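From Swiss-Prot, for reference:
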- 1-57: topological domain 'Cytoplasmic' (TOPO_DOM)
- 99-134: topological domain 'Cytoplasmic' (TOPO_DOM)
- 156-170: topological domain 'Extracellular' (TOPO_DOM)
- 214-230: topological domain 'Extracellular' (TOPO_DOM)
- 252-264: topological domain 'Cytoplasmic' (TOPO_DOM)
- 286-312: topological domain 'Extracellular' (TOPO_DOM)
- 334-354: topological domain 'Cytoplasmic' (TOPO_DOM)
- 398-426: topological domain 'Cytoplasmic' (TOPO_DOM)
- 448-470: topological domain 'Extracellular' (TOPO_DOM)
- 58-75: transmembrane segment (TRANSMEM)
- 78-98: transmembrane segment (TRANSMEM)
- 135-155: transmembrane segment (TRANSMEM)
- 171-191: transmembrane segment (TRANSMEM)
- 193-213: transmembrane segment (TRANSMEM)
- 231-251: transmembrane segment (TRANSMEM)
- 265-285: transmembrane segment (TRANSMEM)
- 313-333: transmembrane segment (TRANSMEM)
- 355-375: transmembrane segment (TRANSMEM)
- 377-397: transmembrane segment (TRANSMEM)
- 427-447: transmembrane segment (TRANSMEM)
Amino acid sequence: MAAEKIETVVAGNYLEMEREEENISGNKKSSTKTKLSNFFWHGGSVYDAWFSCASNQVAQVLLTLPYSFSQLGMMSGILFQLFYGLMGSWTAYLISVLYVEYRTRKEREKFDFRNHVIQWFEVLDGLLGKHWRNLGLIFNCTFLLFGSVIQLIACASNIYYINDKLDKRTWTYIFGACCATTVFIPSFHNYRIWSFLGLAMTTYTSWYLTIASLLHGQAEDVKHSGPTTMVLYFTGATNILYTFGGHAVTVEIMHAMWKPQKFKAIYLLATIYVLTLTLPSASAVYWAFGDKLLTHSNALSLLPKTGFRDTAVILMLIHQFITFGFASTPLYFVWEKLIGVHETKSMFKRAMARLPVVVPIWFLAIIFPFFGPINSAVGSLLVSFTVYIIPALAHMLTFAPAPSRENAVERPPRVVGGWMGTYCINIFVVVWVFVVGFGFGGWASMVNFVRQIDTFGLFTKCYQCPPHKP
């Protein structure tokens, strides 16, 4: 029988209730089938967390970043990627600190998390009360809902470049049904092989975009006029804000780890790798096609149809299925807790209970099929609060009392100036994101989004489709 031993692991002041990995310790005679299952299916290491963070962060935005560069210009595009990558890593660190603080306090009260997945709104509830819980729940769930919608839209947008016999709306119906199968993936523990494959797929696509654009050379009469208007400039900036705001699932990824206290620098390391994919590909595509990207939000649409491009499309489709699972799984958990089946051991019962969550995702993807502009709108209105403003404010309020700072499980690193430096950085994040991300970005993104509705209409069958060739 597999070991069910619970160890108390001391990491600073942090008492973590760590459960040994099933069928690895204490069962040396486990079958080959079980070992393979553990290897591919049961992930909880630092490496699993890194793959999950990197894979989740660089999904379909890889295809829309050249579009953002055409709005921003080359220099601003590069600088915003570096700036928001660093800022996103900082707020992911804050979320990890708050998670560890919350979990430590609960475990000192003998709370057992073996059949319960901790989520961000519960961290806010435990540290700051029900009003913060409600705020976190509303913003996080809405962001993850539209994050799932964006992946579904991206699936339809990409497959159209291989098979245009069906319009994008029909492809959305088909991929909505395919993505609904993610209800059978229990938790982030079970994304081990998917995270690895997803990152490998986006790595291929990134370098395909880079190399194919360089080999293609600059298009005839190419122009690089960005930025031309304030609306386009801040729309592009908020798409990059969205790109590096993929840590809305940080708490769930941490909870899937065997030793969550080791998460601290993982998101930063994942971001560094992601930048090696996004900077070359976005720069190369923008260099090759320039202003043409303003009317082609999907970078694949401008590259010639080849076997390499078709491979990139197929790999991105698979990866978007994986990222759909990343975005929707926390929603599944919230729904399970709401209807009282979260701690049910029957995975089939939980899967059936999750299915209603897919319906609104499917419906919204059909209403707003605006691949590219929807990223900026979600970035400015939801990501700005969910993963930047709320974590920074929550961290400041949690440790505002002197006793909380003295007894903190994770103290700020000296390199940022201790508590004083941390508060200064947090205040800067809140002010910058509120003014630039939510304020200017929200205005620009909504103006652009409304233009798409006026031009194409809601429920449009085939957004930005070229004339059909018989």
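In case you wondered, yes, glycine gets a Cβ from its N, Cα and C as well.
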Compare 193-213, 313-333, 355-375 by their Cβ pairs under 8 Å to the transmembrane segment (265-285) and return the stretch that comes out on top.
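Going through each listed stretch, the top one turns out to be 193-213.
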Give the nonlocal contacts of the transmembrane segment (355-375) in its own chain as ranges (CB under 8 Å, at least six residues past its ends).
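Answer is 60-61, 64, 67, 145-146, 148-150, 152-154, 156-157, 168-169, 172-173, 176, 179-180, 183, 235, 239, 242, 297-298, 328, 331-332, 335, 445, 448-449, 452-453, 456, 458-460, 463-464.
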Establish whether the number of Cβ pairs under 8 Å between the transmembrane segment (78-98) and the transmembrane segment (231-251) reaches at least three, counting only pairs separated by 6 or more residues.
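Judged by the Cβ rule, the two regions touch, with the required three close pairs present.
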Same chain only, please: residues at least 6 beyond the ends of the transmembrane segment (135-155) with a C-beta under 8 Å from a C-beta of the stretch. Say none if there are none.
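Tertiary neighbours of the transmembrane segment (135-155) are 59-60, 63, 119-121, 123-125, 171-172, 175-176, 178-179, 248-249, 316-317, 320-321, 323-324, 327-328, 330-331, 334, 360-362, 364-365, 368-371, 374-375, 378, 382-383, 385-387, 390.
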At a threshold of under 8 Å on Cβ distances, which of 58-75, 171-191, 231-251, 313-333 pairs most often with the transmembrane segment (427-447)?
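Stretch with the highest Cβ contact count: 231-251.
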When you scan the chain for residues with a C-beta under 8 Å from the transmembrane segment (377-397), skipping those not six or more beyond its ends, what do you find?
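Residues packing against the transmembrane segment (377-397) from afar: 87-88, 91-92, 94-95, 97-98, 124, 127-128, 132, 135-136, 139-140, 142-143, 146-147, 150, 238-243, 245-248, 422-423, 426-427, 429-430, 433-434, 437-438, 441-442, 444-446, 448-449.
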Which one, 171-191, 231-251, 313-333, has the most C-beta pairs under 8 Å toward the transmembrane segment (58-75)?
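Top-ranked stretch among 171-191, 231-251, 313-333: 231-251.
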Which sequence positions outside the topological domain 'Cytoplasmic' (398-426), separated from its termini by at least 6 residues, show Cβ-Cβ distances below 8 Å to it?
12-14, 90, 94, 96-98, 100-101, 104, 127-128, 261, 264, 392
Could you break down the residues of the topological domain 'Cytoplasmic' (252-264) into DSSP helix, strand and coil, giving a count for each?
8 helix, 0 strand, 5 coil
At a C-beta cut-off of under 8 Å, are there same-chain residues at least 6 beyond the topological domain 'Extracellular' (214-230) that contact it? List them, or none.
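Residues 69-74, 76, 236, 284, 286-292, 294, 302-304, 440, 444 contact the topological domain 'Extracellular' (214-230) from elsewhere in the chain.
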